[in-house]
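Notes to accompany the following structure.
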């Protein structure tokens with residue numbers, strides 16, 4: 001086995017082992033009914049990103065620890081005002097995980113783990129109105145290990161401005177999901193693709209999206225419908241008038257009255 005193949009196998013098996021260990025509590029939480037659930041998720045690996053430490057509350061991201069800047073980053077500013085978390089706590093956990101990773105690499109039998117390919121969907125954040133700013137969301141789901149290369153294409157050309165992404169978010173089945181965002185102005189002429197590369201895919205996966213123009217009815221159809229509606233309205237008025245007149249006449253008909 002080539003050295004690079006061996007390292008690939010090591011990465012896969014170690015990542016699977018670490019995810020099982022640190023997401024194990026999520027599996028148990030799924031069997032218990034609870035009003036609220038908080039989740040810490042942490043992993044390290046030999047491929048970028050080299051690690052992650054984050055916290056969720058009821059599946060909403062609260063904060064993560066920036067491993068390069070060594071600081072806590074809150075998803076919303078209000079969270080940081082209401083709660084606190086020392087980044088050193090997350091960094092200490094990452095250091096322990098790295099030590100465990102090195103030990104597992106040395107003791108691993110290099111058994112290849114399964115790479116789970118992602119499921120990808122693309123959708124707009126808001127209802128689409130041509131010419132109105134919006135955000136395209138690319139949701140990459142149910143993949144393992146947490147290694148992705150995601151790019152946006154507009155009319156087949158690479159887009160680098162107006163892009164953003166989430167962290168790798170844990171799932172209760174030990175896999176991950178992730179969001180990538182693209183701010184754009186919908187146009188009838190433009191089309192977009194979210195291009196995803198992952199070890200579980202034989203080739204890059206492109207998920208296509210383009211604005212759907214509203215269906216315009218021909219003028220002749222609109223005219224026919226308007227005329228039909230007008231005719232039905234007139235018929236209703238005539239029928240109603242006839243029924244009212246008949247009702248009034250029957251009320252004044254002597255034969256309809258009882259015996260004196």
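Backbone N, Cα and C define each Cβ position, glycine as well.
Here is what Swiss-Prot records for this protein:
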- 1-28: signal peptide (SIGNAL)
- 29-115: region 'Alpha-1' (REGION)
- 116-209: region 'Alpha-2' (REGION)
- 118-210: domain 'Ig-like C1-type' (DOMAIN)
- 210-222: region 'Connecting peptide' (REGION)
- 223-245: transmembrane segment (TRANSMEM)
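Here the region 'Alpha-1' (29-115) returns a mean pLDDT of 87 for the predicted model.
Sorting each residue of the region 'Alpha-2' (116-209) by its DSSP state yields 0 helix, 53 strand, 41 coil.
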